[in-house]
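K.L.:
Shown below is the structure under consideration.
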Amino acid sequence: MNKKGDDAMILNGIGASDGLGLGNAVCIRESVLDYTGVIYAGAEAEKARLLAAVDAFCRDTERMTQKMSGQVGQHEAEILSGHIAMLADPFLRAQLEEKVEQGSVAEQAVDEVCAFYEELFSQADDELVRQRAADVRDIRNRLLGLLLHVKPIDLSALTPHSVLVAPDLTPSMTVGLRAENVAAIVTQSGGRTSHSAILARALGIPAVLGVPNLMNALSDGDRVLVNGGTGEVILNPDAAQAEAYRIWNEASIRERQSLQAYRTRPTENADGRRVSLYANIGSTAQLDEVSSVGAEGIGLFRTEFLFMERSDAPGEEEQYQAYRAVAGAMPERDVLIRTLDIGGDKDVPYLSVGKEENPFLGYRAIRYCLDRPDFFSTQLKALLRAGAEYQNVKIMLPLITSVEEIRAARALLEKCKAELQEKGQVFDRNISLGVMIETPAAVQLADQLAKEADFFSIGTNDLTQYTLAVDRGNAKVEQMYDPLHPAVLRSVRQVISAARKAQIPVGMCGEAAADPKMIPLLLAWGLDEFSVSAPSVLTVRKWISQWSDRQAGELAQRVMELVTTEEIHREIEKMF
Ligand code: PEP
Ligand code: MG
């Protein structure tokens, strides 16, 4: 925290959802859930109170889940239904009952058992497991609220220009929250991949998370300016800062309006050369937004979200329905569905990947799937069937490092086709099988992989991490993580060139596809397809339209003669 001027004070956190927000702080403090005065009514009576509270909890949660899936998205709703699954755990139930049998009131049983799990999860190495501590805290507070008849926090009553300030933002708190009333979100805990960050981005609200000592620094009604890009929270912004916000806000409204003109335009450069512009999605709930921005296909459907926040894997039918929904939403368009990419930072406890020293280099993605052919076949069959109706589904394999992997996947795919055929089920016999290029090994082997794969999609998020040996989630080395590093650029150019020689389509679904500095280079090298998050589609279409082949080609040539990342940034910036 540092002081600026007389009143203005800047708090620093992690910028987790882009944009600026100016408004008045509404501080959500955890309600006092004091049960010291509650008198023990005997084991049976306490058990009955406990059960009634758990039942009410599950009913409320189901109601909230339904509201949430329409309002924010399926994945976010699944976080909530995960709470019901946690409470259904027989071991946890037994622990609660044992406590009341030993003389604890129901409230104390809940408090102590939840504290045990919160402690356990918060010490895990894996960030996603650590985030489950926030879920347990949410469950504890809601159960205690029910037992003590304390009303839960209701954010539906927030008035416009509120800046939501909270220790953490839990999914249950956000039910009923109207995004148009919330100028920004600031929380004391949480990181870039925490539930709060996912929710803020899904709602399109600027957010800064992980601000130390936040709840002591701000009070209700404080005027705050939040910068979700830099992670700054300015308390009592001065006139110049407020004016800067006003100018930014007006410009961003004008920009949003002017971008609407790109909704129905073809994606082409200044010379009228067409490229494809697809969208990345993580759940079927994002399909409406994808259509509303005029995306021309799905370039990446991250299927792991179907497997998360639940206690067992979805079966063939459930997967088929999800993939079919995506294929059906884009009947005339390509739909690239990535096979399960778990491991690394995406933990799915029931799949028992296990704890590893170096999870990003470990048992994950295609390695896990090929090691469990039965499990993998379920997904492949669901994909084959989902492609039957419109023949638009393409299967994409993550983390490929060798020709053997694609051969093994193809062999399994053929086996799945034979099994479906035997059962008389309809499926797409000619389904495309492509690979993600996201490891240095795949870059070096691109010419060989191009003979085996039907298409490439470059995953720069991982390719940058593995090429530069920089953990993509480690804040300490964040400044070294840069897709414009010359080594990454050479890799990207090499992959595009290999695909073109082999005459297979090549796209990019990593975040770099939406980077204005990367776009001219990708255009110059001949990338066929850009796949970006839905909110970026219109902006990327506009940026693409601004480059002629000559301009982009000359810039790419100059850039590739440079040897430092800094020089590359400067050279490209000269063009803006
Ligand atoms: C990538 O690595 O660039 C990618 C698109 O996949 P993910 O971010 O899901 O690892
Ligand atoms: Mg990846």
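Cβ atoms are placed via backbone N, Cα and C, with glycine included.
Whatever TrEMBL says is automated annotation, not expert-curated.
Sharing the feature lines straight out of TrEMBL:
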- 12-132: domain 'Phosphotransferase system enzyme I N-terminal' (DOMAIN)
- 159-231: domain 'PEP-utilising enzyme mobile' (DOMAIN)
- 259-546: domain 'PEP-utilising enzyme C-terminal' (DOMAIN)
K.L.:
Please spell out the DSSP helix, strand and coil residue counts for the domain 'Phosphotransferase system enzyme I N-terminal' (12-132).
P.N.:
79 helix, 13 strand, 29 coil
K.L.:
Looking only at the domain 'PEP-utilising enzyme mobile' (159-231), what is the model's average confidence as pLDDT?
P.N.:
84
K.L.:
With DSSP, how much of the domain 'PEP-utilising enzyme mobile' (159-231) is helix, how much strand and how much coil, in residues?
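P.N.:
The breakdown for the domain 'PEP-utilising enzyme mobile' (159-231) reads 20 helix, 19 strand, 34 coil.
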